[in-house]
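Input: a single structure, listed below in structure tokens.
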Amino acid sequence: MDLQLTTNSTDSGDRGGSSNESLQRQPPSQYSPAEVAGLAAVVSFLIVFTIVGNVLVVIAVLTSRALKAPQNLFQVSLASADILVATLVMPFSLANELMNYWYFGKVWCVIYLALDVLFCTSSIVHLCAISLDRYWSVTQAVEYNLKRTPRRIKGIIVTVWLISAVISFPPLISLYRDPEDDLYPQCELNDETWYILSSCIGSFFAPCIIMVLVYVRIYRVAKLRTRTLSEKRTVPEGSSQTENGLSRPPVGAGPSTAAAAAASLRLQAGENGHYHLHHHHHHLHHHHHHHHHQLRKSAELEDIELEESSTSENRRRRRSREEAAARKGSRGFSFSFSSTKGGQSAGAGSRLSRASNRSLEFFSTHRRRKRSSLCRRKVTQAREKRFTFVLAVVMGVFVVCWFPFFFTYSLYGICREACQVPETLFKFFFWIGYCNSSLNPVIYTIFNQDFRRSFKHILFKKKKKTSLQ
């Protein structure tokens with residue numbers, strides 16, 4: 001928001017001669033040519049960097065499979081607001097600062113001020129909506145994730161922009177305007193105390209308080225659930241379960257014990273030389289459902305375990321260990337039986353082999369399917385947790401960038417000259433707030449590997465294509 005702590009108004013009776021004298025004494029620009037060139041270069045670089053960085057964010061979310069989650073549409077809308085700040089607000093703020101007056105006319109002054117307040121307000125309301133989205137995904141993991149569709153997220157984004165407009169536009173009705181015949185007109189907001197305080201509270205302090213309280217609540221819930229999850233994971237020594245619900249044998253068990261435990265099949269010879277294959281289907285069915293229930297509870301708790309990390313290298317190592325164990329178990333699977341009739345034993349052995357192979361194939365397929373589902377869920381959970389941390393950093397940086405400006409501006413509204421900071425310092429706080437629009441892509445690049453990979457893919461893929469051509 002291009003706000004001036006001082007105004008250049010003069011009494012209507014003195015406008016004949018004193019006004020012209022003061023305007024002749026006052027230079028059009030308060031900076032030397034070298035300072036003008038330096039400031040123009042720095043701010044121009046900031047504008048270009050903001051546009052390019054946020055365009056990359058939009059392209060990454062819309063094209064990367066890893067960023068296809070509906071909630072990432074919030075980042076698209078937030079990046080769009082930053083792009084609009086860099087294109088429709090910052091260039092005119094720079095010109096107004098360097099020229100020391102408003103050159104672009106009264107109509108564009110009204111539009112410029114309205115857009116400036118709107119984009120600043122929408123940024124923090126976006127962050128407030130994102131914090132609520134993260135809170136619901138933590139406290140209502142299963143139910144809210146089912147409702148979190150692209151259509152619902154788009155509806156929330158439209159609501160965010162409407163709320164921002166409602167907060168921003170009404171106070172702009174009473175803008176301060178210099179007389180039309182002023183040689184150096186100024187484009188300034190209402191300087192009255194009620195407007196300064198209402199705009200500061202509505203555009204910054206109220207959403208900021210909501211955002212901070214929500215994230216404190218997220219942290220507390222996550223910490224409590226993580227402690228509960230660690231207690232649930234505690235199991236007695238010497239006992240464990242496989243992914244299909246069967247009990248694993250002790251570490252020192254022999255091959256025959258391992259085979260019997262893995263297949264849960266038993267062969268008994270009757271008095272008449274016939275063989276009976278007893279498949280403990282009911283026992284396995286019971287164990288499977290019991291373990292599935294435990295897995296579901298564990299998965300729900302893992303939704304809010306912020307400390308969990310899931311990397312592709314760890315998944316490959318775990319998968320290779322499980323496949324090696326499965327191969328070892330299948331090799332160790334053996335049957336021993338005795339019979340008085342060789343033909344009968346050969347036939348029974350053949351039937352037993354086919355039955356055991358079908359059983360092993362069923363459990364192996366079921367286990368692979370369940371392992372794949374759990375792996376996908378864990379990857380999604382880990383990505384959610386990493387991005388929750390990234391968004392907490394984004395919100396913290398936003399508050400740090402904009403708090404000095406809104407704090408000093410609200411102080412000026414309360415006690416005027418007694419609390420007024422030096423004009424140079426106030427302008428510095430004002431431009432630090434604008435710098436925030438360029439920082440989100442940097443934060444995504446540093447703290448989120450999905451964005452980092454996507455940015456590299458977008459930039460270097462295009463370079464490779466041009467080099468090949």
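Using the three backbone atoms N, Cα and C, a Cβ is placed for every residue, glycine included.
The topological domain 'Extracellular' annotation in Swiss-Prot covers 1-36, 100-109, 176-194, 408-427. For 1-29, 232-261, 279-353, the entry in Swiss-Prot reads region 'Disordered'. Taken from Swiss-Prot, the feature topological domain 'Cytoplasmic' covers 63-73, 133-154, 217-386, 449-469, and the record attributes it to similarity to another entry. The feature compositional bias 'Acidic residues' is assigned by Swiss-Prot to 301-310. The compositional bias 'Low complexity' annotation in Swiss-Prot covers 331-353.
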- [ ] List the helix, strand and coil residue totals of the topological domain 'Extracellular' (100-109) as derived from DSSP.
- [x] 4 helix, 0 strand, 6 coil
TODO: For the topological domain 'Cytoplasmic' (63-73), give the DSSP counts of helix residues, strand residues and coil residues.
DONE: 8 helix, 0 strand, 3 coil
TODO: Restricting to the topological domain 'Extracellular' (176-194), report the mean pLDDT as a whole number.
DONE: 71
